Protein chains: 2
Amino acid sequence: MNKHAVIVHDPTLRDGQHAVRHQLDRDQIRAYAAAVDAAGVPVVEVGHGNGLGASSHQVGHAKLSDDEMLATAREAMPHSRMGTFILPGWGSSTDLRSAVLHGVDVVRVGAHCTEANVTERHLGVIRELGVEAQGVLLMTHMASAQELAEQCALMAGYGAQAVCLFDSAGHFLPRDVAARVAAITAAVDVPVAFHGHNNLGMAVANSVAAVEAGALMIDACARGFGAGAGNTQLEVLVAVLERLGHPTGIDVRLLADAADLAEQTLMPAPPTIDSASLASGLAGVFSGFKKPVLAAARQEGVHPWDVFVELGRRRVTAGQEDMIPDAARALAVQSERR
Amino acid sequence: MNKHAVIVHDPTLRDGQHAVRHQLDRDQIRAYAAAVDAAGVPVVEVGHGNGLGASSHQVGHAKLSDDEMLATAREAMPHSRMGTFILPGWGSSTDLRSAVLHGVDVVRVGAHCTEANVTERHLGVIRELGVEAQGVLLMTHMASAQELAEQCALMAGYGAQAVCLFDSAGHFLPRDVAARVAAITAAVDVPVAFHGHNNLGMAVANSVAAVEAGALMIDACARGFGAGAGNTQLEVLVAVLERLGHPTGIDVRLLADAADLAEQTLMPAPPTIDSASLASGLAGVFSGFKKPVLAAARQEGVHPWDVFVELGRRRVTAGQEDMIPDAARALAVQSERR
């Protein structure tokens with residue numbers, strides 16, 4: 001039996017930025033983009049970690065402007081399509097127009113897993129600009145398969161040409177992913193994508209489960225480059241998909257060379273699963289909260305593991321970073337009372 | 001439904017030695033052993049990476065003698081059982097007797113996956129010494145489920161009280177493991193164990209597949225400490241097993257603290273999947289061959305990826321390290337002819 005092809009979407013130059021405070025420079029972007037273009041990676045996502053228009057004091061100023069990053073990567077990639085990311089509230093229609101002028105082919109619009117409605121306007125603008133529009137749901141372990149299917153149907157109705165499930169906390173196990181992807185592929189007519197994080201060591205296995213449940217597109221980063229425990233490891237994923245008979249169109253040996261370049265030039269060290277990342281994934285807390293949790297735990301003299309558990313209990317979403325000191329304080333007060 | 005308990009077997013202080021040229025000292029062994037004992041890890045394996053009697057010029061002199069390592073760990077562990085490893089050809093009956101005098105409770109005897117017969121004598125000696133005897137098959141991707149079941153039945157016949165499948169090349173995907181474990185559990189009356197390596201990012205997923213196919217014992221190392229891409233990551237595995245409802249009797253939070261200690265005191269850096277480890281896993285080549293392959297590739301001016309593929313084609317087993325320069329040379333000659 002022929003197995004379906006998988007479109008591999010590489011956000012190394014966008015999601016990886018979280019691991020280096022958005023400081024990738026022109027030489028780094030150019031060399032990596034050229035290397036994955038040569039390996040045949042179909043889509044390469046580029047930008048500030050938080051997307052278009054996000055460079056700021058609050059989440060970090062990028063070294064380069066959005067336009068500079070996009071123009072640099074575009075010039076280095078004769079074949080690969082270029083993607084970028086936008087979160088409504090950070091990026092505007094003006095940012096979208098400029099990104100398209102700088103050669104973007106695919107734009108993804110992100111929202112919390114139960115708030116697909118905030119993607120409507122941007123998805124419409126992207127379609128009008130004539131490039132591919134994709135809808136992204138974040139922190140998808142916080143919604144059921146049925147809820148996610150409904151939210152994806154909304155995004156498809158707004159014009160999304162693909163819908164993407166992000167396991168932003170790295171909380172899923174393979175059966176969780178399979179159930180959700182199956183429900184969504186049954187509910188929408190557009191391709192389904194999966195974007196994993198490795199907090200529980202399951203990023204590659206989860207991605208395979210997504211493909212076997214019908215996902216047509218998988219996100220993965222060279223060496224897993226990303227915040228905390230990192231993303232699905234690109235070169236490993238492609239090798240495993242090809243071995244399982246799912247064609248990707250990518251030359252694995254050249255891709256491994258690109259990953260070597262990424263390790264040498266983009267990152268201080270490849271991501272590993274430390275105890276904070278493990279606790280975060282187990283508790284279902286946004287991967288990006290590791291540093292503020294460690295700081296708050298130190299401040300209050302409590303164990304970081306317990307702060308993650310408490311944040312998971314409170315069902316804190318990405319963006320609710322202000323709840324971290326409060327959770328740590330509450331644990332300190334509890335332990336004083338004992 | 002109650003799910004079966006899993007005995008977690010921790011070879012951090014034996015398999016991890018491969019990553020530090022067998023140089024762990026008394027303080028390192030004592031502190032880690034005490035930390036995992038406190039977390040409730042049931043079995044802690046200690047020794048030279050290649051087992052009892054292996055310290056030598058050929059595979060590396062350990063910093064401490066076998067007896068010194070075992071005595072140090074034993075003293076630090078009031079609760080955990082202590083394990084050790086032996087490969088016939090390296091270790092002798094004298095080594096076994098001394099290990100038991102120094103407090104070993106479990107001894108594993110290893111053999112290539114089709115050579116279970118070499119374990120007979122040692123398994124018998126261990127039973128006579130009154131401690132638990134376990135049989136280990138190495139490089140198990142090189143044999144079918146049926147062959148492995150037959151080899152395991154031989155070991156059980158020699159007195160092995162458990163049989164252990166090592167994925168020494170990190171080549172398996174979850175369905176491969178499930179099929180083999182199911183065949184073996186059907187063929188023998190003793191518990192089946194699985195020992196994974198992470199070359200394809202599947203060590204945790206493979207271990208879960210083993211448990212769900214009936215394995216009662218899983219090996220895992222703190223932070224995956226081991227050669228190349230490393231072993232199954234202990235603290236991640238335990239967290240995932242507990243979440244899936246398989247009791248381990250281990251306190252995950254204390255185990256995460258032990259893993260932090262391991263990262264800080266035992267290893268230069270936690271293992272990651274580099275391109276050589278990926279190629280090695282894909283090709284089904286013994287994980288320990290990474291360094292000699294890189295050296296031979298450099299010497300002959302060929303790509304290390306191609307050397308791994310060639311060694312896989314030649315079905316080279318662990319121990320046949322002398323075939324590496326020959327394979328690299330053959331590739332160089334081929335490419336000169338073109």
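Each Cβ is built from the backbone N, Cα and C atoms, and glycine gets one as well.
Because TrEMBL annotations are produced automatically, they should be read as predictions rather than curated entries.
The record from TrEMBL ties B:R14, B:D15, B:S168 to substrate, and of the options B:H57, B:H195 it ties B:H195 to that site too. When Cα-Cα distances from B:H197 (Mn(2+) binding site) are compared across the recorded positions B:R14, B:D15, B:H18, B:S168, the shortest belongs to B:S168.
For B:D15 (substrate binding site), the count of additional Cβ atoms within 10 Å of its Cβ stands at 26 [all protein chains shown].
Following the DSSP three-state reduction, the secondary structure of B:H195 (substrate binding site) is strand. B:H18 (active site, proton acceptor) is 13 Å away from B:S168 (substrate binding site) when you measure Cα to Cα. Classification of B:R14 (substrate binding site) by DSSP places it within a helix. Each of the recorded positions B:H18, B:H195 was scored by how many other Cβ atoms lie within 10 Å of its Cβ, and the smallest score goes to B:H18.
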